[in-house]
């Protein structure tokens, strides 16, 4: 969806608030804390900024954040289980401020850090930054997707193909879908004041995923680890602006 220039101010305000929440929440991600405790902290932080948790109740999702551990890729429901040393933890969260949405995700590894998990996390973040670096008016969506795919393939990690990034703005999920694979010079042309949630999801295995019986939890088919990073990005008059610069 394409908005007008006035929307950028509103999206910046939402992004600033979500970034503040993430900075504070990340400090709480330590061994021993439970997913439910992290969810409560995140919700309190969001509400303190006169914002609304956009995930809670969305499609029936029961929490304000998604907490996905090790082989869970996305949409993990916060639980009473404490986080353990060495686990890879991906947290996805969003908020609504004054009717505008912002969405972001980050991955942390609890010490002691295993080299394989660190490589996966680093490659996923690299792919996000590399894909975002392509964003400017006039390019096609496939240019972003192809760049993300290139980083993944060069590193030998699996790309999750069943879930994508998305447009964002007045609604959490808007057109266009943004796959993490594709061909350059294909897809919709980017225009100023489009807002994109770009979110590579990579695995140590094939990239195949299954949805568990709770209807939410997305886990790797081969039980390999997964990582997930996401920025909300504005297409500006001459480039791009990351609205959630949390990593």
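Just so it is clear, glycine is given a Cβ too, placed from its N, Cα and C backbone atoms.
Checking the candidates 43, 230, 241 against TrEMBL: the one annotated together with 103, 166, 199 at the divalent metal cation 2 site is 230. When the candidates 92, 222, 238 are compared with the divalent metal cation 1 site entry in TrEMBL, which names 103, 230, the shared residue is 92. Annotation: 92 are the binding-site residues among 92, 166, 199, 230 whose CA atoms are within 10 angstroms of the CA of residue 75 (substrate binding site). For the recorded site, residue 173 (substrate binding site), the DSSP three-state label reads coil. The Cα of residue 199 (divalent metal cation 2 binding site) lies closest to that of 230, out of the binding-site residues 92, 103, 173, 230.
A straight line from the CA of residue 173 (substrate binding site) to the CA of residue 166 (divalent metal cation 2 binding site) spans 6 Å.
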